[in-house]
Amino acid sequence: MSMRKIVIEPITRIEGHLGAVVDVDEATRTPKDAHVFATMFRGFEVFLRTKPPEDAIAITSRICGVCGASHSNASMHAVDMAYGAVPQPLGVLLRNMGFLMTDHLYDHSIILNILGGPDYSSLYVKKLTPMVYQEAQETLSPRRDIHGFTRISDIMDGFVPVAGKIWNLTVRYQRFAKEAGIMIYGKHPHPSTIIPGGIATDLTNPDSLIVGYTFRLNLLTAWVKYVYAIWEDLVWFYEEVVGYRDQGKTYDKPNYVSGGLFDDPEAYSSLSSEPEEFYKGMDEVALKRGIKPGIMINGELVSTSYKEINVSISEDVKTSFYEEWSTLFTDKDPEGTPLLWGKVNPVHHPWNKTTIPSPQPRDFSKKYSWVADVRLVWKDGTITPFEVGPLARLTVTAYQPSDLGPGNGILRVDLPKSGGATDLPESVSYPMTLAWRAPAYSTTMQRLLARAFSMVIHASHGWQSIVKAAELIRSGKVATSRPWKAPSRRTFGVGFTEAPRGTVRHWVVQEGGKIVNYQIHAPTTGNASPKNEYGRAPFEMSLLNSKVTEEVGPSEWQGLDYVRAIRSFDPCIACAVHVRLGSREIYRPLF
């Protein structure tokens with residue numbers, strides 16, 4: 001058996017520094033081994049110590065300029081809880097409205113069409129898989145009456161960087177999303193208005209905000225209809241015509257986590273101002289989120305509890321460039337539930353985690369990444385890696401009753417009329433009902449399709465929110481925030497939200513208005529985790545389940561299928577790696 005080692009370092013068109021090594025059997029074109037590794041680390045968690053918790057909202061937003069409000073929102077939820085800071089209903093709505101624009105409609109557009117889309121452009125398909133391109137030239141697009149691309153090859157031409165129509169329209173429409181979000185956030189990335197217990201949006205002229213936001217939402221509603229039709233056709237072509245269906249599969253029976261997204265304004269604003277009671281009330285409140293929280297293990301929805309997600313998250317460093325730690329701030333959550341269900345040492349729960357770097361040469365048999373080993377510990381003692389992202393959160397939502405469906409695995413969204421987008425086909429100006437069915441498992445193509453449908457959901461939620469916000473403003477209920485005060489005692493906070501890439505989780509321990517400990521899990525932290533005794537994380541699994549389809553000999557393989565698999569998750573490495581240096585100083589020559 002002749003093996004070919006494909007080394008892709010760095011992987012481009014992602015955020016941060018990531019590499020992959022895949023060992024492929026040349027005869028079968030099938031991977032026999034794969035490793036993914038992060039090659040950078042940072043220090044946010046250390047310099048948050050001793051800071052006021054409210055400062056963490058602004059500081060953590062600087063983790064990433066791509067999803068520039070995702071960490072702010074997760075931190076906001078964690079600090080809300082640790083302080084017992086509860087916003088007014090309009091404050092909750094404005095939080096939702098800003099976030100769905102800047103970090104979802106804006107970011108998904110770029111992720112799909114500018115970062116991932118070129119992998120399916122004629123520029124690469126024609127060169128590396130010419131038979132696929134020929135097939136695309138001969139295949140009519142099923143939804144050509146919606147998006148206007150007659151053949152699949154026309155869609156591929158549209159993804160060509162700089163020159164392609166889809167690429168150029170994305171540059172235009174992502175701007176509308178960012179503008180709408182900035183009306184609430186003040187700026188993006190790194191919003192200036194997010195605070196504990198509310199939001200500091202200027203409502204001197206609220207009618208101007210409503211009109212400006214609605215104008216842009218109208219254009220973006222046409223845009224998401226257009227984008228979803230394009231990706232429906234491209235995914236259909238690759239799965240049904242090309243035979244690409246199972247490429248990039250993670251698990252036969254998936255393990256998913258969703259933290260939920262878009263709080264109900266009445267429910268969240270009714271939480272207790274006592275931190276411990278705030279925590280106890282989060283299950284009921286989180287279940288009213290527009291996108292639902294939950295845990296799936298081996299393809300079964302085992303929990304919809306925000307608190308159970310918190311209790312179940314573990315972090316280890318056996319195969320990462322860090323040292324063990326021994327700090328223990330608590331072994332139970334505020335309800336008295338043992339952290340990690342008493343199945344694993346509670347020092348491995350993020351409330352107790354301290355990150356201490358241990359730089360060393362990469363060794364795939366020992367330690368090989370700056371991303372830590374994040375795993376889920378369940379009540380029965382199961383310890384497993386898990387996947388987060390658009391596909392995970394939509395699947396978790398699809399199997400619960402919600403405004404999007406009865407819980408039968410299908411989500412359905414009604415989008416209104418959306419005129420004014422003169423550079424898009426007239427067909428997308430009409431009302432549409434769009435649907436998405438949860439697949440049996442996660443694959444490269446299905447991750448892309450789920451991201452496209454996420455945009456549909458976000459546009460719909462934008463309309464729901466703007467109507468409710470207008471009603472509150474017209475009835476004179478323009479207060480957004482409530483006063484807050486740091487408890488003198490030690491309190492704990494945990495904030496879950498959904499970034500474009502998946503669940504963002506922040507944990508804070510505070511005492512007297514000072515941070516005692518702070519931990520951050522970005523979506524990529526778990527997805528890119530290195531292999532350990534409990535299995536492989538989603539990135540590596542997706543590589544192991546991707547055969548080489550390039551129509552050239554092994555000596556010319558470039559790894560197209562592997563970068564497609566990784567980019568379908570949209571990695572963010574700057575978000576995924578955080579360290580505490582302690583008393584150690586690390587020197588590196590500059591020249």
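Even glycines carry a Cβ here, placed using N, Cα and C.
So that you can see what the record holds, here are the features copied from TrEMBL:
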type	residues	note
BINDING	E45, I520, H578	Mg(2+) binding site
BINDING	C64, C67, C572	Ni(2+) binding site
BINDING	C67, C575	Fe cation binding site
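A map of TrEMBL features onto the structure.
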{"residue": "E45", "record": "Mg(2+) binding site", "CB count, 10 Å": "19"}
{"residue": "C64", "record": "Ni(2+) binding site", "CB count, 10 Å": "25"}
{"residue": "C67", "record": "Ni(2+) binding site", "CB count, 10 Å": "30"}
{"residue": "I520", "record": "Mg(2+) binding site", "CB count, 10 Å": "28"}
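In three-state terms derived from DSSP, I520 (Mg(2+) binding site) belongs to an extended strand segment. C67 (Ni(2+) binding site) sits 15 Å from I520 (Mg(2+) binding site), taking the C-alpha atoms as the reference points. Taking only the Cα positions, the spacing between I520 (Mg(2+) binding site) and C64 (Ni(2+) binding site) is 13 angstrom. C64 (Ni(2+) binding site) sits 14 Å from E45 (Mg(2+) binding site), counting Cα to Cα. Secondary structure at E45 (Mg(2+) binding site), taken from DSSP and collapsed to helix, strand or coil, is helix. Look at C67 (Ni(2+) binding site): DSSP puts it in coil.
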